[in-house]
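Positions annotated as transmembrane segment by TrEMBL: A:12-35, A:55-78, A:126-148, A:154-172, A:184-217. Under the heading region 'Disordered', TrEMBL lists A:244-264.
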Amino acid sequence: MKTRQSPAVKVGLSISLATGLYGVSFGALSVAAGLDFAQTMALSLLLFSGGSQFAFIGVIGGGGTGAAAAGAAALLGIRNFIYGMQMNAMVDPRGWRKPVAAQVTIDESTATASGQLDPVEQRRGFWTAGLGVFVLWNLFTAVGALAGDALGDPRQWGLDGAAVAAFLGLLWPRLKGKEPAAIAVVCALATVLTVPLLPSGIPILVAAAVAGLIGWFTHRPVPQGLEPDVEPYAEPYAVHDAEHMQLPGQRPDAQSDGGTGVGR
Amino acid sequence: MSLWGWILAACALAYLTKLAGYLVPARWMKNPRMSRVAATLTIGLLASLTVVNAFASGQQLVLDARLGALAAAALALALRAPFLVVVLAGAAAAALLRLAGWG
């Protein structure tokens, strides 16, 4: 299969573009919060985790201390530890690739990889989204930091709406079947209920804990929708869903199809 | 510590958090129960990230133009639009609603 036709690469490139453009917003807001160009770029290049970066400049912009900003960023980054565990098992980077993989382990690369069934596609998705977002996020952070006021409020371009749509788009194909939809609703509710009560970033971890406990205590064969394909429209749902009734490890063709996209 | 010091401290913490995940042996994750936990975790995290990005403003819940972005994205997904179209629909909805003076 050609890389160009790979569903994981397609999704990876799309999300790179959407998330990368959002970097304009970070760059502009960071400079507005009082960081200089080099400090703004250091956050995008080295910290490289959108939520943590916005939290850091949000605290600084609101008059908070550096310690408080670093603490907020660290809390928001805890989920990257969970992603690291998952991606280590799924992508299995070796040698020098491991520390590189760690740096590009973020929401988008993890979601793109885990949206695929075929191990080859999972790796392609992870690296395309991870490296793609890294390059574009930093490029557009620089644009935003340099252009600053000339852009006006980045929200007027709807860039925060693009982020909402991207996360819903990654979630959507997983919602086939009652059980995954119920888990999503419960976790969404847990988030809504805890946002007003807990510091930024913690509600996401609460939802993760709820989801993890549901998974741990309802230990049965993976039902449809829990191991979805990110590109769900390539074939009729009935055929597609039938494939997902098996555990990934039990799929007879999962290891041997040499990159043939699952769901094609 | 200067602002630069805290920036570099935050960067180091973020990287070590990510790297620590890669030091967990892969075999711990490779059994049916952990496969299932990984699947439910992904759903939970994505649902939570969607909600936070759509409704949270710091520690407050707000209804603004991002609600329109969420609705437009859901509509595009229901119509089976490609991923990029979904993202553009979300951006366009938020931008148009703000242009119209809401949120």
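Yeah, the Cβs are placed from backbone N, Cα and C, and that goes for glycine too.
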With CB pairs under 8 Å as the measure, which of the listed stretches A:126-148, A:154-172, A:184-217 comes out on top against the transmembrane segment (A:12-35)?
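By the under-8 Å Cβ criterion, the transmembrane segment (A:12-35) pairs most with A:126-148.
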Go through the chain and flag residues at least 6 beyond the ends of the transmembrane segment (A:126-148) whose CB is under 8 A from any CB in it; none is fine as an answer.
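Here the qualifying positions are 8-9, 11-13, 15-17, 19-32, 37, 40-41, 44-45, 48, 50, 87, 90-91, 101, 103-106, 108-113, 154.
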